[in-house]
Amino acid sequence: MTDANTPMIAPSILSADFANLAAESAAVAHPGDTRADWLHVDVMDAHFVPNLTLGLPVVESLLKATDIPLDCHLMIDDPKRWAPPYAEAGAYNVTFHAEATDDPVDVARDIRAAGGKAGLAIKPNTPLEPYLEILRDIDTLLVMSVEPGFGGQKFIAEVLEKVRIVRTIIDSSDLRLLVEIDGGINADTIEQAAEAGVDCFVAGSAVYGAEDPGKAVAALREQAAAARARVD
Ligand code: DX5
Ligand code: ZN
């Protein structure tokens, strides 16, 4: 977990109004328990996933509009070429997909050299085992709990086995990486994910579909903390 042992919430702007991103990010930026820990930015290229969202120019504008650290989730081909510029621009965390590269360590090294934290994402059907030996080379492991591409999908609980395995490894070592989950996280699913050992929870529709996004952030974090406390 993080130093404070408090679960992190990363609202996904995929479910926000793309014409009002400054206001949408401000809705979860007030100091206090309604503040998001990271703002999750889903970059899709219509090749790696069958959807197209936004890219570096929008991220550069968002960086000027908010002081919340940006968590860029790159659902794109060729991350070796496209990922480091997000870190150079000032994104806090830059996550690329394991399925999009033959050399994740090389991509992670480039992201770190560009000043970012390096995240590795794995799709629901991608096994964890091949990546256990490179945990030292990444800062975040993003376990996808839906097929990447769209918000508002149903949570795939089977992926929690991967979370449990990596949580056990981290807790019995000096590794410092964060475990993040993305897809279908809401009031019905966040507790099981917290119990499995997730540090950071991405939530799109559960935050931006709520009447008050800030309150949704606070409520999800509290729910995760209570669930985590039950198993600790
Ligand atoms: C899906 C994206 C997710 C998405 C999550 O490909 O990576 O970040 O925004 O949306 P919800 O929380 O609605 O499942
Ligand atoms: Zn995402």
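Easy rule for this one: first residue shown is 1, then count along the chain.
Glycine too: its Cβ is placed from the backbone N, Cα and C atoms.
What TrEMBL says about a protein is an automatic prediction, not a curated fact.
These numbers come from a predicted model, not from an experiment.
Of the residues His73, His97, TrEMBL puts just one in the divalent metal cation site with His40, Asp42, Asp182: His73. If you take the Cα of Gly184 (substrate binding site) and the Cα of His73 (divalent metal cation binding site), they are about 16 angstrom apart, rounded to a whole number. Counting other C-beta atoms within 10 Å of each candidate's C-beta, the binding-site residues Ser12, Ser205 are led by Ser12. Put plainly, the binding-site residues Gly149, Gly151, Gly184 were compared by Cβ crowding within 10 Å, and the winner is Gly184.
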